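Below: the structure, in structure tokens.
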């Protein structure tokens, strides 16, 4: 039979394709609808938080930090409650990572402050002696691109029905994450958020930039890290 | 024509051989830099703080993986395809102007994609999905390159003289189909510029899948890109080059059948082992775990088939550095495909996941199996393609030992580092509190990171010797009039 098949490349290729596609169908399809349901309390990212997420991705922070707490005592002791599927319902892409060169950041917002992050990004060793993390000084100089962030918010709300401007249930009532009416509005909202973060920061350049209506990458990144709870 | 030996046309094979050497060097060099950045963080800013953004670990890391996977390995796959394909199908590229044009277009577009990838990753333009970091414009270009590769495979098969497809061809077909399917589904994304009516960066996109689903599709891709990029095509190579170089027939046809179809069926299930203890459903994790162990059978099937091909001819291993590369490569393949399933066992994975042991596992596979096999293939091809004898067999033997030492240092240090890390993360003291802070688990790894860096450096030095040897072979004055004679698969 197989000698016969080896003389018919087309049928051979069809055979190979069917055999390899099989596992994917069975493993991936059944769970798809279920895994996209958010758990109570999970809300979409605000404009500034999403901008911070872009900075996080741009610098491949996920290469060294995971965002997935496994259900082991040591991990829940160290990082907090283990991860639930629905907590990631608005994560496009997912950022679980595959390597923990540094600690997990899934709930870093619970135990680190704006001030801590600011110093840590400027000089990690000053905050954590012997840290092997490099410094990220350029984040204090580069400004974020709110246009692209707003485009993403529009896209996910239109294409994937992510609930911006809608009430999202939480344990005590509900929250509404606002998205700008237009690009100008989005920029103004992000700047308001940025002012709150920058108020807790020390770097004079950051303060001056925010005063002048610009948002340095570090401000957005810290807003994102603070939102991880 | 019928009675004369065919003149194969190696134009495209030569072009891809050059990128194999060039991108292999770049990818490995970045790897060595990264290894030392982890051991000595000050290297992150070695070119000054102005360039720190681009010499930083986090920017270089995806560049390293992509350069080795899609630069070195993929070039090697293409180079060997444009050599092996003609020979086992008994048809020359020179016979078809169309296929020649496809081949050249394939090469130049591939090179264009490589440049685009390097520029975009340095700029920090990435989707963050491992080994699928490219934004949608590059993804589309990758698909076109892949279609061209497919056209060249099926085009050559279409005009073949040899009726039956040799084993290597099965594996090249599977490589094409597997990667095509995986890449398309994992890179489904919505360009935000168009969806929002022209706002923001034109190249930005958002994944079609969210959270757990995104992770599932990503690791279905990520693991199986290893399968169809690092395993399947490299098996295609060894099935051609080892019998050809040693003059021995493949040990068992039945075993090659069994391991081929077994590999095709089992491999795709195993991706779930990247998601153990995550938020994907338990049954999927269990399937991933079980099928990873089952995967030992087809993997060892082809490795044993290759090693037994040397039956009765083991003296060749001692005599020929080229055979050494292939035999040790197969041995590393067996080692790595035993190590992987062990890591996929849930209780072991609880310690190994997120640690350097996984990094070690990838590298004993890539350096020992993929790297050795591609270099061996190029060593076998060079005298036939350039019609000159290999410049130095002594250099080749020296390279073999230096690189073997490099691989051993690499994986032993990462084994120790990974298990140490995993055990320290989970350790509790007598009162039930965590015994170590995270930074304790980082500082303890310093010596192993240094040893790993040295191992990687040795491998890189060996690779430079390889590049020099190939260069001297290419540019030697003496030309071989007749091709070196070996017995061969399919008489090709």
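A Cβ is built for glycine as well, from the same backbone N, Cα and C atoms used for every other residue.
Among the ranges B:195-218, B:219-242, the stretch that TrEMBL annotates as transmembrane segment is B:219-242. For the transmembrane segment (B:358-379), the residues of the chain that approach it from at least six positions outside its boundaries are 17, 20-21, 24, 68, 72-73, 76, 79-80, 226, 230, 234, 237-238, 241, 245, 322, 325-326, 328-333, 335-337, 339-340, 343, 352, 390, 396, 403, 406-407, 410-411, 413-415, 417-418, 459, 463, 466, 469-470, judged by C-beta separation under 8 angstroms. Apart from B:223, B:273, B:274, the Cu cation site neighbourhood in this chain, defined by C-beta within 8 angstroms of the site C-beta centre, holds B:219, B:222, B:270, B:271, B:272, B:275, B:288, B:292, B:344. Within its own chain, residue B:223 (Cu cation binding site) has B:270, B:271, B:273, B:274 as residues 6 or more apart in sequence whose C-beta sits under 8 angstroms from its own. For residue B:274 (Cu cation binding site), the count of additional Cβ atoms within 10 Å of its Cβ stands at 24 [all protein chains shown].
Look at residue B:64 (heme b 1; low-spin binding site): DSSP puts it in a helix. A C-beta separation below 8 Å, combined with a sequence spacing of at least six in one chain, links residue B:64 (heme b 1; low-spin binding site) to B:27, B:30, B:31, B:34. Counted over residue pairs 6 or more apart, the CB atoms of the transmembrane segment (B:322-338) and the transmembrane segment (B:219-242) come under 8 Å in at least three pairs, which marks the two as touching.
Sequence-distant contacts of the transmembrane segment (B:249-270), counting only residues of its own chain at least 6 positions beyond either end whose CB sits under 8 Å from a CB of the stretch, comprise 167, 170-171, 174, 220, 223-224, 227-228, 231-232, 235, 239, 243, 287-288, 291-292, 294-295, 297-299, 301-302, 304-306, 308-309, 311, 344, 487, 489. Using a Cβ-Cβ cut-off under 8 Å and counting only residues 6 or more beyond its ends in the same chain, the transmembrane segment (B:136-157) has close neighbours at 78, 81-82, 85-86, 89, 91, 93, 96, 98-99, 102-103, 105-106, 109-110, 112-113, 116-117, 120, 165, 169, 172-173, 176, 179-180, 183-184, 187, 189, 191, 203, 205.
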